[in-house]
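Enquirer: Here it is: the structure, laid out below.
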Amino acid sequence: MEWVEIDGSYGEGGGQILRTAVALSVITGKPVRIHRIRANRPNPGLRPQHLHGILALKELSNARVKGAKVGSTVLEFVPGRAEPKHVKVPIKTAGSITLVLQALLPAMAFIGGSFEITGGTDVPWSPPVDYLRNVTLFALEKMGLRAEIELKRRGHYPKGGGLVTGSVEPWESKKPLVALEWNKVDSFAGISHATNLPAHVAERQAKSAEERLREFFNAPVEIETEVSRSLGPGSGIVVWAETDSLRLAGDALGKRGKPAEVVGREAAEELIEQLTPRKAVDRFLGDQLIPFLAFAGGEIGVAEITNHLVTNVWVVERFLGRTFEVEGEIGEPGVVRVVRKAEV
């Protein structure tokens, strides 16, 4: 058996290497061995939140897995016969639902299936669920991929308890994505939420974001507010720009002692920063699209070439050979081009 060998400490050196590598193992049918997992981190090895994505992909592909335990620095994943199924992922804590989806979505695109994931929907260090639903899926649909993500209940740090369900149809017609620059912003939209908190929190976040965006752009702004109940309190906001190309976004989370006005303004300022280079893809979407672009083809202009993006390109090319050309330095705007489209 020939392994694809991956150094888990390369580049960004975190959970993303695991998510992308195991997803590509499922897609290509190639077994993968990842060693030196998170070797440069204060607490090396697999963390609980990484296991959820790995085990979900194990179930989807009937894989044989060795080393899938907390603290393990080596993981061996041998995919079996993948078939569409309903995958349940119960994250007992506020572990990120969207990071599990970053592993599941590319794999399910080639197989089909549905999912039900409990955990954190709006938690630090991961994209909020409203980002995936409104920005990521919007771009994937342009590439011919049909997927649905439904938010049933919010989950915040530390209690979690969020619930997300959805499905992915097998990706039959892959369309190249050419999205280099935007020429005009048609409008702004967003979702501002408050969970187990007064409605005025969501309203103030939305108002503050809207005011900030209007200082820079003369375009309509429509941010909806959502008030709900869950296991614990929390708030957040995602705002996105509808451009003549794709959607770009900014987001922010509330926390105790942080005024709602500051939360709203932070999200708006992050979005303005993403729009400034006039590239079609924001820095967060850039790295998420890499596994899909490899099979669909195309080229994208990104507001910032991140370490995550470069690391994702490296992982994909371990499986598929040279696929991409990246123009631009880390921390700067740039272009990612597919030079050789992969077939499965």
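Including glycine, each Cβ sits where the backbone N, Cα and C put it.
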Enquirer: For the ATP site that Swiss-Prot describes with Phe284, Leu285, Gly286, Asp287, Gln288, which of these is also annotated: Gln49, Gln102?
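Expert: Only hit among Gln49, Gln102 in Swiss-Prot's ATP site, alongside Phe284, Leu285, Gly286, Asp287, Gln288: Gln102.
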Enquirer: How many whole Å apart are the CA atoms of Phe284 (ATP binding site) and His308 (active site, tele-AMP-histidine intermediate)?
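Expert: Rounded to the nearest whole number, the Cα-Cα distance is 9 Å.
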Enquirer: Using C-alpha atoms only, work out the spacing between Gly286 (ATP binding site) and His308 (active site, tele-AMP-histidine intermediate) and round it to an integer in Å.
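Expert: Counting only the Cα atoms, the answer is 9 Å.
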Enquirer: I'm trying to understand the geometry here, so how far is the Cα atom of His308 (active site, tele-AMP-histidine intermediate) from the Cα atom of Asp287 (ATP binding site), in Å to the nearest whole number?
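Expert: Rounded to a whole number, the Cα-Cα distance is 6 Å.
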Enquirer: For the ATP binding site, please report the maximum Cα-Cα distance among Gln102, Phe284, Leu285, Gly286, Asp287, Gln288 in Å.
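Expert: Result: 13 Å between the two most distant Cα atoms.
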Enquirer: Would you count the other CB atoms within 10 A of the CB of Gly286 (ATP binding site), including those on all shown protein chains?
Expert: 24
Enquirer: Can you check what DSSP calls Gln102 (ATP binding site), collapsed to helix, strand or coil?
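Expert: It is helical.
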Enquirer: Which residues of the same chain, at least 6 positions away in sequence, have a Cβ lying under 8 Å from the Cβ of Gln102 (ATP binding site)?
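Expert: Set apart from Gln102 (ATP binding site) by at least 6 residues yet with Cβ under 8 Å, we have Gln16, Arg19, Gly53, Gln288.
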